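Taken from TrEMBL as is:
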- C140, H142, E176, H200, H403: Mn(2+) binding site (BINDING)
- 1-19: signal peptide (SIGNAL)
Amino acid sequence: MDHLRLILLLFLFLPTCFSFTFQTPSINEFTNQSSSLRQQILELANSPSTVKWIKRIRREIHEHPELANEEFRTSALIRRELDQLGVAYHWPVAGTGVVAKLGSGSPPFVALRADMDALPIQERVDWEHKSKVDGKMHACAHDAHVAMLLGAAKILQEMKDMLQTTVVLIFQPAEEKGTGAREMIREKVLEDVGAILGLHLVAEYETGVVASRPGEFLAGCGGFKAKISGKRGLSGVSQDCYDPVLAASTSVISLQTIVSREVDPLDSQVLSVAMINAGYAHDIIPDSATFGGTFRAFSKKSFYGLRKRIEEVIKGQAEVHRCYAEVEFLGNEHPTIPPTTNDVRIYELAHQVSSKIVGEDNIEFAPLFTGSEDFAFYLEKVPGTFLLLGTRNDKRGSTYTAHSPYFFIDEDVLPIGAAIHAAFALSYHS
């Protein structure tokens, strides 16, 4: 009898000789672990010392706003706090950026991102920590984003024994310029990263409300500038001229028909011409005319299709009027930002994590927004999701939307944002 038959007989006639035990955690065990993790995160985030610390950081950054690619003081503050926390980091990245890592040091890698730059706006809010720099203000909550991500670093560092991931903290410059994320990606900040989370404070929702949606979320945004060249001459003998003003005028009108006549009305797109310039005298047809504007769409197909049609229409109208057109889309002045599209799987994880922190009643399914975010560049490279976190509080004056000189946040949101970041990182391995 060969060995195979012997083994089969043993299994058939001597089953009691073999005992296989698989230890699988029960649903109750998983629930208890999740509840314990949530409790620890919330206790750390809401401890008086942590709340005071996060507020201090946010206020210091708010008092000293720095524009895109000028975030030297902000970057130094971040490094100072990371040093005190004992968190290793790399600097400089993309000029003023900072990238920190903590956790297991091995896969999986999960990234959390905060932007750092301010806006060229004069703050009109009178409070103790008002901007001390004329003409500059943190009117888009980037000061709070940095403070919340540092808060998450503090929580994660205190819970590092529980981390089964490597957490990459991305402090990014130049979001308002639309170039920061691309520069960070070029410096390989997403190397080995399996998922990324971004978070933005907004006054559209009450403090502590988290809003997002799977798939298409924020519009892609592009800027364009066109120059139509013709033939200069006296307006009284226009037959000898090639009129770039007329060509530009018909181009602007024709551009409006793209959205109104070529686009599915259920596929939201925006095309606006906001600038036009030509000539210097009322009786001289100039040799050129320039105009420009922006375009937005929610899907990549629609976005790049709209961009293609803008160029076709302008060049076509210029040719009709015997002129020549040049259309520019790229460049640092008017960068093209793709649509922000959330990965469904990562969105679900962020949804679950956020509901544990703020409660299911404070989770909203967000509508599509025509605003844009250069976080979209990260989402083109790795799966991730972008969340909106409400900071609206009528009693505290937190009612104005971003980019307003009266923009003001409810600082009660700071530990909430820190907790969501930390909880996402701690839950990602599952």
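Cβ from N, Cα, C; glycine included.
Automatic, uncurated: that is what TrEMBL annotation is.
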The answer, for which of the binding-site residues H142, H200, H403 has its Cβ ringed by the most other Cβ atoms inside 10 Å, is H142
Mind giving me a neighbour count for E176 (Mn(2+) binding site)? Other Cβ atoms within 10 Å of its Cβ, every protein chain shown. 20
Give the sequence-ordered set of same-chain residues, not counting C140, H142, E176, H200, H403, with Cβ within 8 Å of the centre of the Cβ atoms defining the Mn(2+) site. D115, D117, L119, H138, A139, A141, E175, A402
Note: in the chain of C140 (Mn(2+) binding site), residues six or more apart in sequence with C-beta under 8 angstroms of its C-beta are A118, L119, E176, A402, H403, F407
